[in-house]
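Per Swiss-Prot, the features are as follows:
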SIGNAL    1-24  signal peptide
MOD_RES   Gln25  pyrrolidone carboxylic acid
CARBOHYD  Asn51  N-linked glycosylation site
ACT_SITE  Cys65  active site, nucleophile
CARBOHYD  Asn78  N-linked glycosylation site
DISULFID  Cys89-Cys186  disulfide bond
Amino acid sequence: MGALCTLWLGLVLLGVLGALQTSAQAQVSLQPNFQQDKFLGRWFTSGLASNSSWFREKKNVLSMCMSVVAPTADGGLNLTSTFLRKDQCETRTLLLRPAGTPGCYSYTSPHWGSTHDVWVVATNYEEYALLYTAGSKGLGQDFHMATLYSRTQTPKAEIKEKFSTFAKTQGFTEDAIVFLPQTDKCMEENK
């Protein structure tokens, strides 16, 4: 009887955890009819929101960076970002692997070794893209980030407002949302 109760309890817990996971993922929608070929090219990281302790510590010294999105042979994307770090330009490339539905990708964090999921939530391809990233940095350390990409270094006020609204719907507070200041440094590296 005890083993049966333990088995039942385990199944209930799995069901609850599965429902919680589905509920969290259901909050993030994808850009309808995502067209990867229109998403390619140069983007500027204009806004960020994150629950990461690293982000909270560094958000006041971050500046805008440039990223170039290029296709891979397997249908994924290379996301090459150039940013200012300790007065020098640094470039990093992430391989975003297709993860089912168009606009959904995954990558392995070079720092943590964990897998993160990335969703292209909304884009008009010509001005802005809203992305949401979720993953884990270890046991009990869930990582969430909202990103505003813009095709120019000066996104329109309504695009910034759209990003703020999106970030807040994902549970980020006002103080966790940052619009990155423009810089002339490291903006020509990936052209």
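These residue numbers are counts, starting from 1, taken along the chain as shown.
Glycine too: its Cβ is placed from the backbone N, Cα and C atoms.
Bear in mind that the values here come from a model prediction, so they are computed numbers and not experimental data.
Taking the features listed in Swiss-Prot, we show where each one sits on the structure.
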{"residue": "Asn51", "record": "N-linked glycosylation site", "contacts (Cβ under 8 Å, 6+ apart)": "Asp142, Phe143, His144, Met145, Phe172, Ala176"}
{"residue": "Cys65", "record": "active site, nucleophile", "contacts (Cβ under 8 Å, 6+ apart)": "Phe44, Thr45, Ser81, Thr82, Phe83, Leu84, Leu180, Cys186"}
{"residue": "Asn78", "record": "N-linked glycosylation site", "contacts (Cβ under 8 Å, 6+ apart)": "Val69, Ala70, Pro71, Thr72, Thr93, Leu94, Leu95, Leu96"}
Winner by Cβ contact number (other Cβ atoms within 10 Å) across the disulfide-bonded residues Cys89, Cys186: Cys186
